């Protein structure tokens with residue numbers, strides 16, 4: 001018989017031992033091993049090993065064998081799977097057309113996105129305070145530009161964390177998928193950490209580069225060069241989008257992972273989940289309501305989304321106000337607090353994210369086991385969050401935490417004026433804290449009664465002299481004060497930082513397992529859509545209200561507010577004990593909710609009744625559209 005060409009062979013996978021063709025014949029796989037598992041004589045390859053020999057002798061009289069469940073074509077067109085842009089597919093780019101290559105570029109994209117949105121923005125928040133003036137009010141209209149920027153950030157990040165994650169999951173082995181996704185999200189976590197570190201350095205540079213100013217970075221009216229980071233990250237994001245646009249719909253060799261995947265989708269009581277197995281399901285807009293209904297019926301998916309929303313609330317709240325918490329507890333400047341928080345997030349957030357994916361792969365957990373791992377991590381972080389019972393005492397501040405004579409100040413009563421500064425005519429509009437040699441902070445040099453100023457050559461800070469309000473009993477001579485806050489010597493600082501590290505670690509440790517459980521509890525054809533729905537739920541119920549909830553609770557602990565045109569502005573001084581207490585209450589509420597949601601998701605999850613051979617479940621239905629294709633060829637093998 002004539003030898004069939006590559007375009008005439010319609011090859012499908014029935015099981016791990018046989019190839020079938022449209023001629024109705026069966027040829028055993030033969031890498032030196034016959035269908036019975038015995039080696040071929042003399043170790044010589046069988047005829048089917050050679051591309052110059054026909055796979056089988058067709059039987060003209062025999063009708064084509066009807067396709068049974070689990071038999072799917074493996075299709076791969078070289079031109080369709082090549083890396084490039086349209087018809088431009090240079091050979092030098094093809095070595096990057098692998099799962100590792102696309103992982104690298106997606107990691108760079110997620111790193112830049114995280115650095116910009118969750119790093120630079122949160123760093124700037126701790127330093128921007130507009131003064132009460134006509135010029136400031138004229139700038140208020142620019143807030144709409146920032147709102148538009150945030151809107152565009154959301155639009156750009158959504159495909160990255162939905163379609164990007166699904167693309168990785170579909171193009172690698174099931175066991176390696178959590179590791180790839182963990183690496184992707186680790187880069188996304190390292191991005192904000194880098195944003196805090198780099199943003200903290202930019203905040204030490206004055207907004208208008210090259211312009212001289214007498215204002216110090218410790219001054220709350222100081223606004224650093226926040227815009228440099230956004231320009232650099234924006235340009236880098238545009239560049240990294242070019243190679244990402246060059247990747248094909250699926251990577252070469254990925255189809256063999258899909259057909260060998262075993263489904264773990266949650267089984268609905270009414271059996272409606274089988275609708276997603278239809279090869280044409282999801283191809284038209286008419287299927288959108290049905291797809292939404294299937295996800296709403298999936299109780300495991302719903303509670304995983306709710307659990308993710310509670311965790312996102314904590315992450316968004318702590319990433320926004322974490323630097324502010326450290327700034328208040330340890331009496332740091334805004335740039336120091338942002339840098340310090342970055343040092344915590346890098347090992348805790350990044351390490352926890354990668355470790356979560358590694359544990360899922362190492363323990364080879366199924367969907368129910370993954371949810372239990374999420375539950376264990378949430379309970380661990382719940383126990384560690386009780387560390388917020390501990391707090392560092394406020395640095396004494398004259399007129400705010402104590403009277404000028406050192407006596408206790410009645411709660412809620414502020415008095416920044418005393419006999420020692422009554423003749424100075426001090427204004428409350430400019431907050432520029434100074435630290436006296438008596439260890440007490442003052443609202444400004446004027447409120448400390450200082451009359452002259454010099455510069456400390458060792459650190460470049462201004463030193464105010466002849467300060468009438470500074471106690472001269474401790475040091476001989478006239479009272480002195482140095483620009484900036486007094487340094488905190490809190491003995492509880494190491495313990496507090498250690499447990500904050502644990503809270504961050506276990507919070508991020510559950511992120512990749514939770515995402516993996518979401519991908520596995522839904523049908524293969526609904527994965528991208530499910531991640532999109534989860535992204536909406538997490539952002540709507542967690543990411544957006546998280547900073548609002550934390551901000552409103554932390555504001556309750558404010559001792560000294562900015563007076564902005566007769567209205568309440570930003571908070572200058574917080575009461576540390578109240579800040580820790582409100583942070584604990586907020587954290588406990590969301591951690592308890594998250595634990596409850598994971599418990600319910602674990603109890604309601606109903607796995608498939610029994611495992612079927614690889615390729616026989618809905619995962620293999622991904623290849624069903626290949627049944628209608630007539631130009632298939634075997635994909636090139638790719639090692640992970």
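Cβ atoms are placed via backbone N, Cα and C, with glycine included.
What you see is a predicted model, and the numbers here were worked out from it, not measured in a lab.
Per TrEMBL, region 'Disordered' is recorded for 30-64 (among others).
Under the heading compositional bias 'Low complexity', TrEMBL lists 36-52.
Residues 150, 153, 156-157, 160-161, 164, 167-168, 171, 180, 183-196, 198-200, 203, 224, 226, 229-230, 233-234, 236-237, 240-241, 243-244, 247, 251, 319-320, 323, 338, 342 of the same chain sit 6 or more residues outside the transmembrane segment (102-125) yet have a Cβ under 8 Å from a Cβ within it. Annotated transmembrane segment per TrEMBL: 102-125 (among others), in sequence order.
Sequence annotations record features per position, and here TrEMBL assigns transmembrane segment to 145-168 (among others).
The feature transmembrane segment is assigned by TrEMBL to 180-206 (among others).
Under the heading transmembrane segment, TrEMBL lists 226-247 (among others).
The feature transmembrane segment is assigned by TrEMBL to 300-320 (among others).
Outside the transmembrane segment (340-361) by six or more residues, the chain places 119, 175-176, 178-183, 185-186, 188-190, 192-197, 200, 319, 322-323, 326, 330, 332, 370, 373, 377, 497, 500-502, 504-513, 516 with a CB less than 8 A from a CB of the stretch. What TrEMBL lists as transmembrane segment is 340-361 (among others).
Look at TrEMBL and you will find 373-391 (among others) tagged as transmembrane segment.
TrEMBL lists 414-468 with the feature domain 'Kazal-like'.
If you look up TrEMBL, you'll see 494-517 (among others) marked as transmembrane segment.
What TrEMBL records for 529-550 (among others) is transmembrane segment.
Under the heading transmembrane segment, TrEMBL lists 582-605 (among others).
Among the features that TrEMBL reports, region 'Disordered' is placed at 609-640 (among others).
The compositional bias 'Basic and acidic residues' feature in TrEMBL is assigned to 619-632.
Note: the stretches the transmembrane segment (145-168) and the transmembrane segment (529-550) are in contact (3+ CB pairs below 8 A, sequence gap of 6 or more). Two recorded stretches are said to be in contact when at least 3 C-beta pairs lie under 8 angstroms, sequence spacing 6 or more; the transmembrane segment (373-391) and the transmembrane segment (226-247) fall short of this definition. Count of Cβ pairs under 8 Å against the transmembrane segment (529-550): among 180-206, 226-247, 494-517, 582-605, the largest is for 582-605. Between the transmembrane segment (300-320) and the listed ranges 180-206, 226-247, 494-517, 582-605, the one holding the most Cβ pairs under 8 Å is 582-605. In this chain, the transmembrane segment (180-206) lies close to the transmembrane segment (494-517): three or more C-beta pairs between them fall below 8 angstroms, excluding pairs fewer than 6 positions apart. Among residues of the same chain six or more beyond the transmembrane segment (226-247), those with a C-beta under 8 A of the stretch's C-beta atoms are 83-85, 93, 96-97, 102, 105-106, 108-109, 112-113, 115-116, 119-120, 123-124, 127-128, 156, 195, 198-199, 202-203, 205, 207. For the domain 'Kazal-like' (414-468), the predicted model reports an average pLDDT of 86.
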